[in-house]
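This report concerns only the one structure given below.
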Amino acid sequence: MGVTLDSALNPHKPEGFGEVVAPDPDYFKALQAEVNDKGFLVTSAEELFQWARTGSLWWMTFGLACCAVEMIHVNMPRYDLERFGAAPRASPRQSDVMIVAGTLCNKMAPALRRVYDQMSEPKYVISMGSCANGGGYYHYSYSVVRGCDRIVPVDIYVPGCPPTAEALLYGIMQLQRKIRRIGTLER
């Protein structure tokens, strides 16, 4: 295709950046030996479920303020969140991830808890932005909850005011890594 990865062609590229790293050959040799020996792979059902969960995160929006614009931005073609297996859903019963974005008021807190309770297990929460994380700019207001973690358990915090689409994308990838590492989170 005419693609070269030679660093001499681009003198502005930092050393070690963008280099192609070969996969670990011992891993593939062991995998090939197991398939050749038995004809199939052996794994636990829990590891299989963890792998499947990371590739099919269905999230629901709980956009309360300006952070919701960045949440919409991450679905546009530039970032295309669906290529990571995350797709938006309108119903909490179909979702397993809730992204709380924006200022959570005291009047909205029961609705947040009700939506969280309607989600099926396992369920995960991403708190997006300074207002959702700790009240943000409105922290000292009488009507603002100082962090959505006082209402629902939060798995991933995405900082920023508002956080960029890249930050939310990174937070979702961190949630996928956490699911792979921990499995079904016990609450």
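Quick reminder: no glycine exception, Cβ is built from N, Cα and C everywhere.
Pulled from Swiss-Prot, these are the features on record:
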BINDING   Cys66, Cys67, Cys131, Cys161  [4Fe-4S] cluster binding site
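Projection of Swiss-Prot feature records onto the structure.
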residue	record	Cβ contacts under 8 Å, 6 or more apart
Cys66	[4Fe-4S] cluster binding site	Gly102, Gly129, Pro162
Cys67	[4Fe-4S] cluster binding site	Ala101, Gly102, Met128, Gly129, Cys131, Ala132, Pro162, Pro163
Cys161	[4Fe-4S] cluster binding site	Gly129, Ser130, Cys131, Gly136, Tyr137
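Within 8 Å of the centroid of the Cβ atoms of Cys66, Cys67, Cys131, Cys161, where the record puts [4Fe-4S] cluster, the same chain has further Cβ atoms from Ala65, Ala101, Gly102, Thr103, Met128, Gly129, Ser130, Ala132, Gly136, Gly160, Pro162, Pro163.
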